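What TrEMBL says about this one:
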type	residues	note
TRANSMEM	12-30	transmembrane segment
TRANSMEM	42-64	transmembrane segment
TRANSMEM	76-100	transmembrane segment
TRANSMEM	120-142	transmembrane segment
TRANSMEM	162-183	transmembrane segment
TRANSMEM	203-221	transmembrane segment
TRANSMEM	233-257	transmembrane segment
TRANSMEM	277-297	transmembrane segment
Amino acid sequence: EEAVFLRKKITLMRAFSLLIGSMVGSGIFISPKGVLKNSGSVGFSLVVWFACGLLSMFGALCYAELGTRITKSGGHYIYILETLGPLPSFLFLWAEFFAIRPANSAVVSLAFGRYMLEPFFAPCAAPVPAVKLVSLLGYYMVLTLNSWSVTWSARLQTALSIIKLLALMLIIVPGMMLLAQGHTENFQDAFDKQSLVLDKLPLAFYAGMFAYSGWFQTSFVREELVRPERNIPLAVIVSVITVIVGYMLTNVSYYTVLGTQDVLASPAVAVSFVQRAFKSLISVVPVLVALSCFGTMNGGIFTFSRTLFVASREGQWPPLFSMIHIRRHTPLPAVMLMVRRFDCVTC
């Protein structure tokens, strides 16, 4: 008997978890190699990581201001529509749907499948068909949950965000302990100017910004946020500062234990770190990274489905996808539309 609409179920803690869960993905476990390789030295790589964090903070604050002024969900799409007009927003929407979002989802989900299977096939690589199968199963699990309940999707995101922070602590604590014991040999000549190549710095920033991506996610669910004028800026500031501190300490721990050459030679820095620091947990880290990717998948589906929902409501997408499940209050058609696009890219 009540009106059917998307309920305000995203509290401050859930908004914080959405941002943390979207930012802390596979990037911090993989990107340090790219940042170090293109920055040239340990010191400059840490400067790049901090600069990327500041840039992310500036962007997040801009989106926080937009989120308090523009009361619609939809993120990038709705801001382009409100400021530049219907044609740029329409082109962005289709580019996001056909190219950007499916490719991003495929990369994250394939990383989830690869890391989830690694303990079972080590020291060999997992078969590609098995990786794709596990990736699809993980993606469909997230789709099903987002179709079933907003509350349970948000609870899962909160739980996975806690796991992600614990995974970072698993790297930070032993590194800080070794640093406190005087193991500073890997930081000698940290700012070696001879190894700095300016034309490669943009690639270093690209790798660093990839690890920070996700600070804009609250703008996608603006209509579902409780007290958005208060919770959006608060969640943005706290979450981005938390990630900046966590990333800086994680990288310091990497360099304390591994050193420059080990980081550059490692395909997955976190796994190499655990192999060097404490081998007894070598089978745990791939699972933690897989769960981290799982949380990123959940956040991506949760937010982008709202973009399709809002675009349909604005008349730039088929009207079917502005419909809401009458009992579960989820944008079911918009969520289910993401199944086929993912299949095409992954397979």
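Note that the numbers count up from 1, one per residue, in the order the chain is shown.
Placed from the backbone N, Cα and C atoms, the Cβ positions cover glycine too.
Keep in mind that what you see is a predicted model, and the values were worked out from it rather than measured.
Within the same chain, residues 10, 15, 18-19, 21-23, 25, 27-28, 31, 34-39, 44-45, 48-49, 51-53, 55-57, 59-60, 63-64, 66-67, 73-76, 79, 232, 235-236, 239-240, 243, 247, 296, 299, 302-304, 306-307 sit at least 6 positions outside the transmembrane segment (203-221) and bring their C-beta atoms closer than 8 Å to a C-beta of that stretch. Non-local neighbours of the transmembrane segment (42-64) in the same chain are 23, 32, 35-36, 186-187, 190-192, 196, 201, 204-205, 208-209, 211-212, 215-216, 218-219, 232-233, 236-237, 240-241, 243-244, 247-248, 251-252, 255, 260; each lies 6+ residues outside the stretch with a CB under 8 Å from one of its CB atoms.
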